[in-house]
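Step one of this worksheet: look at the structure below.
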Amino acid sequence: MILGNLSGLSEFRLLGFSGISHLHPLLFVVLLSLYILTLMANTVIAFIINSDNTLHTPMYFFLTQLSCLDICYLSVIIPTILENLMVGTVSISRTRCAMQMFFFLFFGVAECFLLAAMSLDRYFAICYPLHYTIIMSSRVCRSLVFGAYICGTAVGLIHTLITFSSPLCGSAIDHFFCEIQPLLDLLCGNTFPSEIQVIVVAVFAILSPFLLIIYSYIRIISTILHMASAESQEKAFSTCSSHLLVVTLFYGTAGSMYLRPKYTYCASVDKFLSLSYSVITPLLNPIIYSLRNKEVKGALKK
């Protein structure tokens, strides 16, 4: 009700891929296939971890949470994209658009902080192995996940309320879902305060957990290099490589989208980046962990 009374606009039009309408059938089949594969892959990973007692450790607890986040994250936007590809320009109510933005930010930011929690887990496992089980207790793990969800909620609410309480001078969103950057193009008057708000929140939601990840891996690499045997070093690196690859994929695309000034935006480039971190990355995460992790591959065989 609050969001519905903030502006006279009652609905928006999502232009989506209107410039390449001849490719809509192909894109529909590709994205629907990727969506189904992502749901299946993440569901299988979560099922395997929960059903195998040897995988009931902090690292795999976080991996289960990551799989659930990826499923929810993707489900927020894929139905709208598929609808857009079927019917062309999609009309979306103001309330639905606001809810879509909130949940997209909520799951995205929660994943940022969850990846940071996973790096802390690897840091304590490698740098403090004798105290690892005490430090990373089940209570601490649940608290870290809860904190990630709290940060996601805060960022989602701040962005959504500020964006939808500002006067808008148009209803056509040149995107395939209610993303922040295209909505900023619809703001009336001086958009500089809103741009600063996006950058400040992005620094908190993207850069701060990323810096924590960088610090953790600096300490991890330093510890590994001081290990006596090459076998120990290889084993330690193998436990971190999957997480490090996932972090690189997620933060690389998300950072290039949000941590840059507005004048560098390009609709076609932004759509590609959005597809990369919102569609491709959730599919690659379970594949990376299953292919590069001996314990997960062993559980898969069982």
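Using N, Cα and C of the backbone, Cβ positions are placed for all residues, glycine too.
For 26-48, 60-82, 102-120, 140-162, 196-218, 239-260, 272-291, the entry in TrEMBL reads transmembrane segment. Feature annotation from TrEMBL assigns domain 'G-protein coupled receptors family 1 profile' to 41-289.
Nonlocal intrachain contacts for the transmembrane segment (102-120), taken as residues 6+ away from its ends with a CB within less than 8 angstroms of a stretch CB, comprise 59, 62-63, 65-66, 69-70, 72-73, 76-77, 141, 144-145, 147-149, 151-153, 155-157, 159-160, 177-180, 205-206, 209-210, 212-213, 216-217, 243, 246-247, 250-251, 254, 277-278. As a quick check, the transmembrane segment (272-291) and the transmembrane segment (60-82) clear the bar of 3 or more Cβ pairs under 8 A, pairs 6 or more apart, so the two touch. Proximity of distant same-chain residues to the transmembrane segment (140-162), defined by a Cβ-Cβ separation under 8 Å and at least 6 residues beyond the stretch ends, is recorded for 3, 58, 61-62, 65, 98, 101-114, 116-117, 120-121, 180, 194, 197-198, 201, 204-205. Packing against the transmembrane segment (196-218) from elsewhere in the chain are residues 108-109, 112-113, 115-116, 119-120, 122-123, 151, 155, 158-159, 162, 180-181, 184, 240, 244, 247, 251, 254-255, 258-259: each is 6 or more residues past its ends and has a CB under 8 Å from a CB in it.
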